[in-house]
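A.B. asks: Once you've had a glance at the structure underneath, I'll fire off some questions.
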Amino acid sequence: MIDRFGRSIEDLRVTLTHVCNFSCFFCHMEGEDNSQSLLSPEEISLVAKVGIEYGIRSVKLTGGEPTLRRDLLQIIRELKDVGIKEVSMTTNGVLLSTLAWKLKEVGLDRVNVSLHSLDKQLFKEITGVDALDKVIEGIKEAIKAGLRPLKLNFVLTKKNISQLDNIINFAIETGVDELHLIELHPVGLGKNTFEYHEKLESIEKILKERADKIEIRSKHYRPRYYLNNLVIEVVKPYANPIFCAGCNRIRLTADGKLKTCLYRQDKEIDIMDILRGDFSLEEKIELIREAYEIAIAIREPNFKYKVESYAPS
């Protein structure tokens, strides 16, 4: 199904929990407020199953830290059972060394692992946890288990810009498939720490000189730089109408809302009462369909082109 700006929805991002065993100072918290309510595996899979009718093909599990959900394996299994083609997860990686093979076995396809420093002291300063060795171990185990392409997420700030070369070399040597250089943006805790914002333009200039090949990813018009067997992708979502023009995501919050945009809290459809109301399964499915249709109808880019025609030529 296409929204009024010509954008399809193909990816459902599901926040499994707001709880995290890290405390990164810039966390955007998926643009959500803290909530104690958690959707069950059955509720998540039902929303995803109905979403397939509207174009959903992939589900990204996020948090908080999704590996803290004790029913994570069941959630992944049920998403696969209802027909989701790709299930991926963003994680801090600290529990990945013990979970990687189990995750692969139940159907998880790939992971994004957040890694913002290879210096132990700086890692602890950024995350609040002395766990760098465990994260590195988790990355290596995930690669062995076949959770690929394995992608590293590196949020660039004034604190860790000196770490970038080390991160690139580590990624190449370890067999990481992609490295995402992510611009700090003022959402969640990032609103209070934007003083650490570091522009990516100077980094891109260096990457252009070092890259074996450069291509532009059609979705979001992101540049991708090839260094040896590593792909480095630059992610600049904030105040970026090109990023919004290519957005194919809709979000399911931990407390049961369909959220149409990371940056907006005024365009959400609360479906918790549907999921937990006294309705038959058929009635729930029909009401969730209506919720998707409303969400798609009100969905709009947060950052727009200042022209009549929205999509870039």
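One-based numbering along the chain as shown.
Here the Cβ of each residue, glycine as well, is placed from N, Cα and C on the backbone.
Per Swiss-Prot, GTP binding site is recorded for Arg13, Lys60, Thr90, Lys151, Arg249, Ile250, Arg251, and the stated evidence type is sequence analysis. Residues annotated as [4Fe-4S] cluster 1 binding site in Swiss-Prot: Cys20, Cys24, Cys27. Per Swiss-Prot, the feature S-adenosyl-L-methionine binding site maps to Gly64, Ser114; the stated evidence is sequence analysis. The feature [4Fe-4S] cluster 2 binding site is assigned by Swiss-Prot to Cys244, Cys247, Cys261, with sequence analysis given as support. Feature annotation from Swiss-Prot assigns domain 'Radical SAM core' to 4-224.
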A.B. asks: List the residues of the same chain that sit at least 6 positions away from Thr90 (GTP binding site) in sequence and have their Cβ under 8 Å from its Cβ, in sequence order, or write 'none'.
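C.D. replies: Within the chain, Thr90 (GTP binding site) has Cβ neighbours under 8 Å at Lys60, Leu61, Thr62, Gly63, Pro66, Val111, Asn112, Val113, Ser114, Asn153.
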A.B. asks: Looking at the binding-site residues listed here (Cys20, Cys24, Cys27, Ile250), whose Cα lies nearest to that of Cys244 ([4Fe-4S] cluster 2 binding site)?
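C.D. replies: So, spelling it out, the nearest of the binding-site residues is Ile250.
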A.B. asks: Distance check, please: Cα of Gly64 (S-adenosyl-L-methionine binding site) against Cα of Cys20 ([4Fe-4S] cluster 1 binding site), rounded to an integer number of angstrom.
C.D. replies: 5
A.B. asks: Would you count the other CB atoms within 10 A of the CB of Arg249 (GTP binding site), including those on all shown protein chains?
C.D. replies: 19
A.B. asks: So, three-state DSSP: helix, strand or coil for Cys27 ([4Fe-4S] cluster 1 binding site)?
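C.D. replies: Looking at the DSSP assignment, Cys27 ([4Fe-4S] cluster 1 binding site) belongs to neither helix nor strand, so coil.
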A.B. asks: Just to verify a number: CA distance, Arg251 (GTP binding site) to Cys27 ([4Fe-4S] cluster 1 binding site), in angstrom, no decimals.
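C.D. replies: Rounded to a whole number, the Cα-Cα distance is 17 Å.
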A.B. asks: Write down the Cα-Cα distance for Cys247 ([4Fe-4S] cluster 2 binding site) and Cys24 ([4Fe-4S] cluster 1 binding site), rounded and given in Å.
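C.D. replies: Computed Cα spacing between Cys24 ([4Fe-4S] cluster 1 binding site) and Cys247 ([4Fe-4S] cluster 2 binding site) is 26 Å.
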A.B. asks: Among the binding-site residues listed here (Cys20, Cys27, Cys261), which has the Cα closest to the Cα of Arg249 (GTP binding site)?
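C.D. replies: Nearest by Cα distance to Arg249 (GTP binding site): Cys261.
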A.B. asks: Find the shortest Cα-Cα separation between Ile250 (GTP binding site) and the binding-site residues Cys20, Cys27, Cys261, and name the residue that gives it.
C.D. replies: Cys261
A.B. asks: Between the Cα atoms of Lys151 (GTP binding site) and Cys27 ([4Fe-4S] cluster 1 binding site), find the distance and write it as a whole number of Å.
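C.D. replies: If we compare the Cα positions of Lys151 (GTP binding site) and Cys27 ([4Fe-4S] cluster 1 binding site), the gap is 18 Å.
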A.B. asks: Under a three-state reading of DSSP, tell me whether Gly64 (S-adenosyl-L-methionine binding site) is helix, strand or coil.
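C.D. replies: Note: Gly64 (S-adenosyl-L-methionine binding site) is coil by DSSP, not helix or strand.
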A.B. asks: Identify, in sequence order, the residues in the chain of Cys20 ([4Fe-4S] cluster 1 binding site) that are 6 or more apart from it along the sequence and have a CB within less than 8 Å of its CB; answer 'none' if there are none.
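C.D. replies: In sequence order, Cys27, Gly63, Gly64, Glu65, Leu68, Asn92 meet the Cβ cut-off.
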A.B. asks: Distance between Arg13 (GTP binding site) and Cys261 ([4Fe-4S] cluster 2 binding site) at the Cα atoms, whole Å?
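C.D. replies: Cα of Arg13 (GTP binding site) to Cα of Cys261 ([4Fe-4S] cluster 2 binding site) measures 11 Å after rounding.
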